[in-house]
Every structure is written in C-alpha cells, then in structure tokens.
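According to Swiss-Prot, the protein has these features:
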DOMAIN    191-268  domain 'RRM 3'
DOMAIN    542-619  domain 'PABC'
MOD_RES   299  N6-methyllysine
MOD_RES   315  phosphoserine
MOD_RES   319  phosphothreonine
MOD_RES   385  omega-N-methylarginine
MOD_RES   436  omega-N-methylarginine
MOD_RES   455  omega-N-methylated arginine
MOD_RES   460  omega-N-methylated arginine
MOD_RES   481  omega-N-methylarginine
MOD_RES   493  omega-N-methylarginine
MOD_RES   493  asymmetric dimethylarginine
MOD_RES   506  omega-N-methylarginine
MOD_RES   512  N6-acetyllysine
REGION    166-289  region 'CSDE1-binding'
C-alpha cells in the first residue's frame, strides 16, 4: 500500500467461526452494505490452501466497521453463525488478561450470541466465545471486555446467578500457568483421600472405622451402584491435612480382604487427565529417545517376506531387538521396521541394505521417523524448493526448447498459489504500490540477438482456470500468479515469418505483471539493445496503448487500462454480459491481453469460452437452487 495513504488502525474486523467453504467474494457480499471495503482476506493453510476458519475485513472508515460489528455479529453464513470482533494485532493486549473473564457451568443451550447478549450490559465487549467440541458446548466460555472495570462489574453481578436454571461461576481469567500453580499449592494441603480396590463388602461404617484412627473425618462415603452394591472405591474427607497425609502414608499398599488397596490424594477429573497425559508424553519421549538412530524403516518388501525372513536378512549387521512386517487382513502392507541394539549397527544396515534386491524387489531402507517429523521435513523441503525456484527468474533449460518469459516459473515444479487479499475495484486506485522494476525498457529475450533463431511465443494460460464473475462482486485479483506452461503447447514461430505477417514487430516486455513478483532488471554491463518501435493498440475513443506504457504504470492501473479497452470490444459482442466477461478475462496475463486487443480472432475465441463457462456456472447455480427449494434448505 502507498505509505502516504492514511491508515485505519481500528477499521479492521476479525471474522471467526467461518465455514470452510466461505470465500472472499461471499464475505464481500455480506459486509459491503455496511460501507466501502478496502480489502478482505480469508486466512488459509500455506500448503493445502484450505480455509483456517477466520478472515479479516478492512473497511475504509472506522464507523463502517463499527456498524458491521454491531449489526452483523453472529449472522449465519453457510449455516454457521460468524463471530466478529475488532482485529487486535498486538498479541500482548490479547494475552494480558486485562478485562477477560471466565464463565463455567453454562447450560448447553447457551451459545456465543446468548453469552454476548447477557454480558453486553456491563460494558463494551471485544470478544466473546463459548468453547465447543463436536458434541456442542463444553459448558464454559470467555468474555473479554474493553476495560477492567466492566469485567469486575460483570463478576460482581453475575457470579452465582442463574442462567437457564443453572448457577454459573464467573471469575477473573487465569492463565494455565496460574491455574497449575494454584492446583499445586492446594495439592500440598489436601484433606480429601481416595481409596480403591477394597472389594464389594465395604460400607460407610466399616470405612470410617478403618480410617477414623488417623483423625476426625468430616465425611466418609463408599460409592455404590443402583442396587446399593459397592463399586470398590470411596472417599474420606479429614479435618486436617496432617491426618490425611498420615492415612495415605500408612494405608497405601496394605492388604484388605486379600486385596492390596490404593490410598492417595483425591484428584479432580481434569487433574487426573492432565497427569495421565503428562505421563503418556514422558513415556512417548523416552521411547523416542531409546529408539533414536536404531530403528529402521524398510519398504518395498515382497509379499512373501514375513517377520522371520526380515530378521534373517538384517541379522548379519548386528543384534536385532525387534523385526516386524506390517500386515492388514493377513497380507503384507509392503513395509516394516527393524530395530537394532546400537546406532552403529543400524547405520551399517542402511548402507548395505538400501537398494539391495531381496526376493524380487529392491529395498528402500532408512532411519524411521515419526509422522510429525516426516511431515515437517517434507514441508521444509517443499518450501526450500519453492524459494530456490522463485530466486531464479529463468530456470536452466534446453537451449533448443522455447524459454518461458522472465517472471514465469516452469510448471514441472509444483507452485504454491499465494492468494492475495480481495480488493474491490472502487478501492484499487488507493492501493498502488510503487513499481518494482525499471520501466525504461523490456528485458531482452535470450534468443533476440541470434540470427535466424526461433523466437518462442509467450505461453498462454488455459482458459479453464477462469471463473465466472458476479456483476455485483468483482474478481479476486491474485498478486502472485504462476503460469501453467505444462498444459500449453507453444508453437515456435520464425522471426522472418512473424515479420512478414505483421507490418511491425511487436516486442512485448518479458515481465509477469504481478505486484508480488520482483522482476529481474537488466545487467549493468549488458550490451545496449536496439529499441524497436512498439505498435500501439488502438481502441476507438481511447488513448493508444503500448507495452511500454503498460509496464511503466503501477500494477493496479495496468488491469484498469486493459479493462477500459477490452470492455467496449466485448460490449459489442455481448452487451448484457460485458461486465462479467471483462472481469473474467482480466485474470489472464497482461501480455496475453495485449495480444487479444491486437487480434480480434483471439479475443472472440476467449470471449466465446468465457460465455460457455459463465452459462455452465449459471446452470449449476440454478440446479442447486432448485434442489434447495425442493428440500426446504435455505440458500445463503
């Protein structure tokens, strides 16, 4: 964005709890009635490009953002009520806990909106959330007020009150570290004792008799089932911590009716789960450490290889502690694991056995990795590869193969598509970043100075990537687009033939017109090239457009300049669909659009394809609406 443009620190909204299929266009339709929007961005996973369930909507005016927050919070989009709050970019303010309260023992029927409506009487709410899982509400939630005073008023008035006939607890929000510290302090001063494994013949009186010798007890209870039969465990609550500690020390592990009983501090369910989880994680970490560097992963196994054969093949390299072929339904899955007693033996086995043919197949042998490690490693490799590809403007290719223009990437390597924010056309003029390249001249083509060389045609992206645009909602303009060259056959065209076909040679600058891609500049020591006169694209009533004019314009203006010249031509062919088709065509690369402006046949071909795509989309929408109306499902 232009640094001189005004900033709107409080005109940005966070929109959460989104359905995975919600797009920027849907959010634009939803929020645009509140006021002019600068941009919309649905946050997505870098690799899978799936929605993360939240988005940011940036308004031009804070008053419009406030109106949207007041009137649209908890509105339903694609069957899910969305949660809107002010975007707070400073994490210290979000995590400080100031103004944040915790509410528990909530009725299952209380949702985000009901909680918001209940607590909004005490002050301005920044965020409000009932914690849910796949089964619905978990019975607790959080409300973050703008001020600490509002939070204290809510605690004072609402703690112990009835909400939907349930007495709720309302208190100051405490971080996990604070809660664990409090639990630890309380645990040291426990008075409640848990006893288990004492059999079915135990009752309250007998349990009191057993533990009464340690000190006065407030309560004694043996837990029973519906028939009154003991469940084998119970509780004794002492008056003093010292008596409880003495009972645990003396009674834990003693035999009672031929059974060894357990006596310990009574724990809440959350405490027990936390402790078990911690023990499990510790065991898991110990196991990982123990097998680090000694466990091998073996794949591409022949179907006839079993555990014994696998052990036999690897036994020459050292002492094997375990060998296992993974099976499913009695059949080998084609891979297994071999664990050695030392890392040296495992390393030797990898060196000797990787690639060796056993039975009928060459084995793949490597150190075993946990799933998380493997995924992290693959992701890291992928990101490094993408970074290296982006760093090289033109990958080294066969000199006789037509080279892609500078700024394009070879399609043989998969590319991530970094989706940009959604910019309405009314705001594009305000979002003009400075050009990232010199506009004095185009980068010379690698074949330019070779006499008689074949000049490759610029690759044209397949039209199937275009999507129909709504007349009310503009297209999402991606700031980084990768040309797909693998699906397009590029026909070589001799320079002489090209010169004969056209009165003047059109030299299109080898740039990918995208705001997020840094185009390479000419080398300082490069030989000066003869600048050939570029033909201008003439559209009646418009200023002539040349490739150099386009290159010197800011990125957002480039599409506008092209759109202004495309629209009258398309309007002459399809007056009612001109706006939609123009928006669809503007997703094509600028060099291709220039060619279409010069070639009426090429333009007509693309327009016909766009009309076909648009008609197919409209037919699909009509069919979906018919299905929804027949089944009574409301359309969003």
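A Cβ is built for glycine as well, from the same backbone N, Cα and C atoms used for every other residue.
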DSSP three-state assignment (helix, strand or coil) for residue 299 (N6-methyllysine): strand
By Cα-Cα distance, the member of modified residues 299, 315, 319 nearest residue 385 (omega-N-methylarginine): 299
Most Cβ neighbours inside 10 Å, all chains, among the modified residues 315, 319: 315
Around the Cβ of the residue listed as 'N6-methyllysine', the count of other Cβ atoms that are within 10 Å: 14
Residues in the domain 'RRM 3' (191-268) grouped by DSSP into helix, strand and remaining coil: 22 helix, 30 strand, 26 coil
Secondary-structure category, per DSSP, in which the residue listed as 'phosphoserine' falls: helix
Cβ-Cβ neighbours of residue 385 (omega-N-methylarginine) (radius 10 Å): 13
Spatial separation of the residue listed as 'N6-methyllysine' from the residue listed as 'phosphoserine' - C-alpha basis, Å: 17
Per-residue pLDDT averaged over the domain 'PABC' (542-619), given as an integer: 82
